[in-house]
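Going by TrEMBL, these are the annotated features:
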DOMAIN    4-228  domain 'Orotidine 5'-phosphate decarboxylase'
BINDING   10, 31, 58-67, 121, 183, 192, 212-213  substrate binding site
ACT_SITE  58  active site, for OMPdecase activity
ACT_SITE  60  active site, proton donor
ACT_SITE  60  active site, for OMPdecase activity
ACT_SITE  63  active site, for OMPdecase activity
Ligand SMILES: O=c1ccn([C@@H]2O[C@H](COP(=O)(O)O)[C@@H](O)[C@H]2O)c(=O)[nH]1
């Protein structure tokens, strides 16, 4: 799996995406999430792949097992590198997602890695306990979902940097810990609650980092990407 920082392409149109990507003279690892996919559809994935970039399709599927299995079978045909579901959908749903992905991957093509979201990086422990009625620490809830995801046979999880080391200790170093909520030192956290710097993420056991606004909102996005890359690879 590519370990370059994953740039979140949280833009509303194909035009904005292509203008953004034109600034870079190198293959990137990018994330297409709900904002872009809902407005531009599967063609945007094909266009970004055709430019030579690796793609994390971040649609966070969460439904009954049969529906997620069928949806994954369709997404598998897009040839993306990484896809995800919500671990809260349960073990049967995650197993269905994996079956669908395997069934839908064209012969001779590598299956996308499949990961599950544990607790969103925009969630605090207090919110989780009060709104989701989960009577655990946030760390224990994330670890519980990581173990469930591992048992279901998926390749890893989305978590914050703060839980990455504990997950590696329990689920193994090969189990992916993809961590959004990345900010440069002193940067605006926006709606994120569990944040860390790129170098902090490296030290604390992330396998991939997801960076959106710290790069896409920068005055010089190429320089911002290279600053993140330098800290992440140091
Ligand atoms: O727990 C999660 C899961 C996904 N995300 C996504 O990552 C990016 C982060 O963007 P920033 O601008 O760097 O905050 C965004 O696309 C989210 O949908 C997440 O933040 N947390």
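In case you wondered, yes, glycine gets a Cβ from its N, Cα and C as well.
Location within the structure of each feature annotated in TrEMBL.
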residue: 10; record: substrate binding site; DSSP (3 states): coil
residue: 58; record: active site, for OMPdecase activity; DSSP (3 states): strand
residue: 63; record: active site, for OMPdecase activity; DSSP (3 states): coil
residue: 121; record: substrate binding site; DSSP (3 states): coil
residue: 212; record: substrate binding site; DSSP (3 states): coil
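The recorded positions near ligand 1, defined by a Cβ under 6 Å from one of its atoms, are 10, chosen from 10, 59, 60, 62, 63, 65. Taking the C-alpha positions, the distance from residue 63 (active site, for OMPdecase activity) to residue 121 (substrate binding site) comes to 21 Å. Summed and averaged per residue, pLDDT over the domain 'Orotidine 5'-phosphate decarboxylase' (4-228) gives 98. Note: the CA-CA distance between residue 65 (substrate binding site) and residue 58 (active site, for OMPdecase activity) rounds to 18 Å. The C-beta environment of residue 212 (substrate binding site), restricted to residues of the same chain at least 6 apart in sequence and closer than 8 Å, consists of 7, 8, 10, 31, 180. Counted within 10 Å of its Cβ, the other Cβ atoms near residue 63 (active site, for OMPdecase activity) come to 16, all protein chains included.
When the alpha carbons of residue 121 (substrate binding site) and residue 60 (active site, proton donor) are compared, the span between them is 14 angstrom. Cβ-based neighbour count (10 Å, all protein chains) for residue 59 (substrate binding site) stands at 17.
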